[in-house]
Amino acid sequence: MATPTEIAYNRAALIESLQFTFVMDEVGKHLSEVICGFGIVLNLLLIYVIFKRTPKHMRSYAVLLFNFAIFDLLTCVASLLACQKTIFSGLSLTYIFHGPCKYVSSSLCFFCHCFVCHAMAHSQWILLISFIYRYRVLVDGAPDTKKMIVIVSLFYAMSAVIFLFYFWDIGDTNDLKQIMYDLHPQYHYDDREIWGDIVVSGNTTVLTIPSLIAIFYMTMPCVPIYFIIHYFRDKTLSTLASNALSMSPATKASHQKLIMALSIQAAIPIFWLVASGIFTLAEFGIIDGPIPENITFRLMDCIPSSSPLVAFIFIAPYREGLLRIISKTGIYRKQENRVSSVVEKFNQPPKQPTNPAQQSANNDAAKTEKV
């Protein structure tokens with residue numbers, strides 16, 4: 001039988017062995033605060049300038065931008081509240097939640113987690129619609145705002161159903177804890193003196209119809225979506241390069257710059273792919289430890305946090321709106337003469353198009369999206 005001294009020594013050694021895990025958990029918490037906090041500020045600013053600085057002829061496209069911004073904002077808020085740490089546990093999806101949601105309930109934490117996952121999947125569809133929109137503007141003219149609202153709402157209805165499927169399949173907390181204890185005994189998660197009352201939630205098994213549908217929706221469509229995005233991107237660029245449309249160089253440059261913006265936005269989900277790769281490797285036991293457990297969702301947090309930067313960089317009215325806000329703080333003073341010269345450059349009247357669809361395309365780009 002071990003003496004008190006030996007017990008104390010063994011416990012000290014155990015706690016010492018868990019120090020790296022403690023450190024990585026703290027790093028994960030602070031990364032969540034920084035990344036999501038940054039994203040919340042940027043998306044709030046973007047929503048503000050969309051309402052205040054969107055020109056009349058750009059309103060239909062602003063529906064897509066607003067959809068991006070509002071879901072990115074809510075995703076950052078939900079992820080900050082959850083701050084989930086993935087516990088790779090075979091066929092179960094188990095998460096320890098370090099965010100403020102843990103002070104309310106494990107159900108709220110899982111709700112936030114489900115919202116984050118479904119919102120990121122929904123953003124892929126809005127990105128696809130954005131590329132199709134840009135092409136249709138060139139060949140048919142811009143659709144009206146009401147039509148865009150209907151299209152976006154229909155696509156979100158599909159995502160909302162998947163969200164409910166995923167959330168309703170929430171597992172029993174005690175069962176998930178027992179799975180975690182059995183598969184990860186080295187962490188001693190059952191020791192309250194070390195970990196306190198940890199908040200755990202997730203799916204007991206992924207082999208249920210709701211979970212399988214949700215996982216399929218959030219992972220499988222991304223490949224065909226990106227093929228279609230690439231198709232419409234190439235068609236748009238080839239249309240701009242052809243002589244079929246009678247446009248001024250400034251108008252063509254405007255369209256090309258917006259396509260560049262969408263292309264960069266399409267590259268942002270690389271964080272999702274890297275996170276998915278880490279998740280897969282850890283799920284099959286190829287890698288393990290507190291780094292993949294904490295880094296997976298922090299990488300995904302970078303998607304909604306960085307997305308608004310594309311709009312601010314490439315869309316002139318929003319960039320100007322942001323600079324006006326910053327100039328009021330005294331950090332930055334706007335150079336009126338430089339901005340005026342840029343605006344004057346792109347205010348040159350375009351050549352007359354040969355049909356009404358081309359006129360609408362010119363109006364949508366040259367008059368409202370001067371960059």
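Here the Cβ of each residue, glycine as well, is placed from N, Cα and C on the backbone.
Sequence annotations record features per position, and here Swiss-Prot assigns transmembrane segment to 31-51, 62-82, 109-129, 148-168, 209-229, 267-287, 295-315 based on sequence analysis. According to Swiss-Prot, the region 'Disordered' annotation covers 344-371. Look at Swiss-Prot and you will find 354-365 tagged as compositional bias 'Polar residues'.
In terms of C-beta pairs under 8 Å, the stretch of 62-82, 109-129, 209-229 lying closest in packing to the transmembrane segment (31-51) is 62-82. Tertiary neighbourhood of the transmembrane segment (209-229): same-chain residues 93, 117-118, 120-121, 124-125, 127-128, 131, 159, 162-163, 165-166, 168-169, 203, 266, 269, 272, 276, selected by CB-CB distance under 8 Å and a gap of 6+ residues from either end.
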